[in-house]
């Protein structure tokens, strides 16, 4: 569904249902799995123009079962929107957790971290939207603390989390000014020393080291490390890159920490997985994040089409069912335009990202040259920094400014070294893990602490996201899927307001009209003859114990009322049914089993009562006999 359709809310309802019906012997693990959602919601959700609680990352939750009980879970995350840490549009907010922190802390705690109110921080006040009418940040902060407690986060871990969040806010308030000593050079100096002191204190790092990372670039030449001063724009970029790296690293650590708590100790094959991924987006300005998000939605739409239409109809043909083919909107061409090698848009972006002198403009020109004739690709008439794609849910225009930087997502090795040497062991470990990833892609000189040779291309954001998406689709292909379409009643977040045109557009764009048609005409429920005979043999008075499963299946179906004749077809190896027939069979089976259970209960209760009566009767006879003897002796 589109952004704001209710996917995250539906996920929570499903999670609560699964926890209620199969809580498991260890109730704590079930509670921990449930509490992971609000925790990640605080760190991964934010207010956007279209949604007050928009997921700015994707998550795939696998809940594992053993003997019909929950025994653990595993969480995978996708494409956290890092740019939101440092910038957001009007009437939007940064991630919820920052506002919850500032509203939930008392005066003493704020003083401890050097914090005040949200409007004082550059990373929070850009959208001029500090509060959400339907949300209490102070209350949600208490819920966050409760979730951390249930998930066994230690006090030290919680304090480290809050220190990193506070440090990010202080980083955003660091500003620079040009020096007047040398007018011929665009040199800068930091004009907010207090914020630097707070950052270095909270992160337990060297203050001079942080100053250097913010104002100078390290250039490696032979055996020397040269420092080159930043201009104003480069210094701001460096500040923002550090803030994004801190938050993204913290988020990854949180996911890993949750997985440690709720992991399954033994190998378990049975699982129910829930995918809650960002919805299709089309804003006034769409950037790299929207392209990745919409590419993911295209892939999911393809998976939906493949399962509901393509595989369904191929199965009918394979089983030789009487069937008239239904056409559907195939979005393969759009997927190829965005991601197919070697000339898909994301492939072009990766190629350009590996050229040091490439620019957003050179990337755009290459896209125009290779895809100008593609019916799904749009080149602007005027000289603009945009291109457009006709998605299954409508046409979206993308602005390429910042595409290369966002895709490279580079963090300087000296900045990684700085945080890896933090006196806060938890923070240091977070960045040592990143350091290991960098070292796996580059030669590393341990004596000098410098990267010296490239071994292989460092994976870009789009490359990692494409791999994750491909693995996700492969995983889901091996599962038995259930699709939940989340449809917005209106575009202005107004309750109890239904705009039919908005709803119809969503239904049409997502192929729901064709889906209803194939569900109405098709046979979505199917059983192998052995499975059907085993499950529904109880519905016939003739057990047919030695008969072929297909004969048993046909016999059972022939005993049904004539109104169900058109509700099934017999294939070569399976019986295909409509949902209404399966519901009827299940109702009959449940009723029969219930009556049988009642008969068994009645028989057992009668047996127990007769046995008790006989026991009591024998006891009475013994009493009577003894009493008579006593009377006789007395006489």
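Please read every residue number as a count from 1 along the shown chain.
Note: Cβ is positioned from N, Cα and C throughout, glycine not excepted.
It should be emphasised that the depicted structure is a prediction, and the values quoted were computed from it without experimental measurement.
Looking at 469-491, 492-514, 515-537, 538-560, the stretch flagged in TrEMBL as region 'Actin-binding' turns out to be 469-491. Counted with DSSP, the region 'Actin-binding' (469-491) comes out as 9 helix, 0 strand, 14 coil. In sequence order, 51, 279, 486, 488 are the same-chain residues whose CB sits within 8 A of the CB centroid of 1, 2, 3, 4, 5, 6, 7, 8, the residues recorded for ATP being left out. Taking a C-beta cut-off of under 8 Å and a sequence gap of six or more, residue 8 (ATP binding site) has these contacts in its own chain: 41, 45, 53, 55, 276.
DSSP gives residue 7 (ATP binding site) a helix state. Sequence-distant neighbours of residue 1 (ATP binding site) (same chain, 6+ apart, CB under 8 A from its CB) are 7, 279, 280, 485, 486, 487, 488, 506, 510.
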